[in-house]
Amino acid sequence: MGFQKHDVFSSFLVFLVLFNSAHSFLPLMSERSSAECDVDCEPESVPVCGNDGRTYDSKCEIDKAKCQGHPVEFKHRGKCIEKARCEAQRALMLEQGNRMGLFVPECKADGSYAEVQCHVSTGYCWCVDEAGKPIRGSSIQNARPNCAQKGAKRMNRRRSSRGKKNKKGCGTSDRASFNSNLIDIFQSEYDRVPHTTTTATPVENDPLRDTHEKQVIQWKFDQLDDNGDEFLKKKELRDLRRMAKKIVKPKMCAKTFAKFCDLDQDKKISRSEWSVCVGVDINSKFSSLSAQLSRSIKDK
């Protein structure tokens with residue numbers, strides 16, 4: 001079965017936003033104040049794995065995430081096993097019940113992602129790679145794409161690329177490490193600036209600001225958005241890109257950061273894209289993301 005063109009891909013962007021960040025998880029409303037959760041955690045010699053499939057620097061980081069409202073528990077010492085990430089994400093989403101717009105991934109028997117993923121409420125299906133990341137151009141509605149055919153085409157393209165060796169890219173674990181280092185920098189900048197109670201307190205009714213971590217991320221978005229148009233363009237990201245390339249590791253992720261964040265490739269980054277890109281928002285309300293996507297397409 002063939003794949004539909006750009007219009008299908010545009011529709012698929014909604015699901016890319018819902019699914020793209022394998023290290024993120026659905027936030028729940030926290031009953032504690034942001035001050036109680038604002039603790040400095042020292043990294044341990046051995047990282048720890050949470051039941052959301054995400055690797056944390058210490059158990060303190062897991063406790064901090066729980067305090068901020070994330071439904072995560074300590075699972076074991078050491079990094080999370082890559083193949084178990086699908087099962088962890090699936091279990092976490094199923095715990096949330098039948099909330100509209102949630103995407104629940106399908107997993108193989110060994111815990112890795114199934115080649116075909118579908119969003120039940122809309123009927124769209126698409127192909128994913130080993131890390132669970134959607135393969136661009138593979139989405140189709142009311143049918144299942146031929147992912148074996150899609151994978152073969154991508155492999156042939158690689159083999160015919162002038163016989164050059166592929167450079168090491170920014171993988172899923174690399175991206176998670178980069179995001180964590182970048183957020184630490186944003187947090188240190190945030191802490192140096194005085195804030196009113198209003199600007200420092202998470203906004204419960206706003207899925208982009210309902211935890212302290214998200215509040216910091218959106219504060220940084222406001223700092224970068226010079227003209228206040230709710231989008232970050234190339235010029236506004238220039239200084240951040242330079243800084244990231246110089247001091248944020250892994251460096252291969254820094255080089256592609258801006259391009260990676262522009263999910264719909266319209267040469268500007270919206271608040272939703274920004275939040276998803278740095279790994280603090282995966283399953284925002286479906287209707288909110290649909291509206292965001294519609295606005296992006298309309299502005300083209």
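Just so you know, glycine gets a Cβ as well, placed from its N, Cα and C.
These figures come from a predicted structure and were not determined experimentally.
As annotated by TrEMBL, signal peptide applies to 1-24. The domain 'Kazal-like' annotation in TrEMBL covers 31-82. Taken from TrEMBL, the feature domain 'Thyroglobulin type-1' applies to 83-147. Under the heading disulfide bond, TrEMBL lists Cys118-Cys125, Cys127-Cys147. For 142-175, the entry in TrEMBL reads region 'Disordered'. Taken from TrEMBL, the feature compositional bias 'Basic residues' covers 151-168.
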Quiz item: How do the residues of the domain 'Thyroglobulin type-1' (83-147) split into helix, strand and coil according to DSSP?
Solution: 13 helix, 14 strand, 38 coil
Practice problem: Could you work out which of the disulfide-bonded residues (Cys118, Cys125, Cys127, Cys147) has its C-beta surrounded by the smallest number of other C-beta atoms within 10 A? | Solution: Cys147
Practice problem: Pop the mean pLDDT for the domain 'Thyroglobulin type-1' (83-147) in here, whole number is fine. | Solution: 80
Exercise. Taking helix as H, G and I and strand as E and B in DSSP, count the residues of the domain 'Kazal-like' (31-82) in helix, strand and coil.
Key: 14 helix, 9 strand, 29 coil
Quiz item: Any idea what the Cα distance is from Cys118 (disulfide bond) over to Cys127 (disulfide bond), rounded to a whole Å?
Solution: 9
